[in-house]
Amino acid sequence: MKVKIKCWNGVATWLWVANDENCGICRMAFNGCCPDCKVPGDDCPLVWGQCSHCFHMHCILKWLHAQQVQQHCPMCRQEWKFKE
């Protein structure tokens, strides 16, 4: 017996792999997007600090811009440095 496939519709899904489920700044889910973005994905990436905390890129950039003197992680207050 042979089976012939006449039509095939592929479906894919993606998820960010992060320590938490929600951004510590905006409290939105990582599999969604930050309040500044309309659609989740590459335009709203996640970024990690050397302290291992993770945030939406736009959220942490706003947070760091608001810090006048020293830029600290909003979760642990260590000096913020992006993980490479």
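In case you wondered, yes, glycine gets a Cβ from its N, Cα and C as well.
What Swiss-Prot lists as Zn(2+) 1 binding site is Cys23, Cys26, His56, Cys59, and the listing cites similarity to another entry. In this view, Cys59 (Zn(2+) 1 binding site) is surrounded by 22 other Cβ atoms within 10 Å of its Cβ, with every protein chain counted.
Swiss-Prot lists Cys34, Cys37, Cys44, His58 with the feature Zn(2+) 3 binding site. Annotation for His58 (Zn(2+) 3 binding site): spatial neighbours Cys34, Asp36, Cys37, Cys44, criterion Cβ-Cβ under 8 Å with sequence separation of six or more.
Residues or ranges marked as Zn(2+) 2 binding site by Swiss-Prot on the basis of similarity to another entry: Cys51, His53, Cys73, Cys76. Other Cβ atoms within 10 Å of the Cβ of Cys73 (Zn(2+) 2 binding site), summed over all protein chains shown, number 20.
Annotation source Swiss-Prot lists zinc finger at 34-77, citing sequence analysis. Along the zinc finger (34-77), the predicted structure has mean pLDDT 89.
Among the binding-site residues Cys51, Cys73, Cys76, the residue whose Cα lies closest in space to that of Cys59 (Zn(2+) 1 binding site) is Cys73. Each of Cys33, Pro35, Asp36, Asp43, His56, Met57, Cys59 belongs to the same chain as Cys34, Cys37, Cys44, His58, is absent from that list, and has a C-beta within 8 angstroms of the C-beta centroid marking the Zn(2+) 3 site. Sequence-distant neighbours of Cys23 (Zn(2+) 1 binding site) (same chain, six or more apart, CB under 8 Å from its CB) are Ala29, Phe30, Cys34, Cys54, Phe55, His56, Cys59, listed in sequence order.
Long-range Cβ neighbours of Cys51 (Zn(2+) 2 binding site) (same chain, at least 6 residues apart, Cβ-Cβ under 8 Å): Cys73, Met75, Cys76, Gln78, Trp80. In this structure the C-alpha atoms belonging to Cys26 (Zn(2+) 1 binding site) and His53 (Zn(2+) 2 binding site) are separated by 14 Å.
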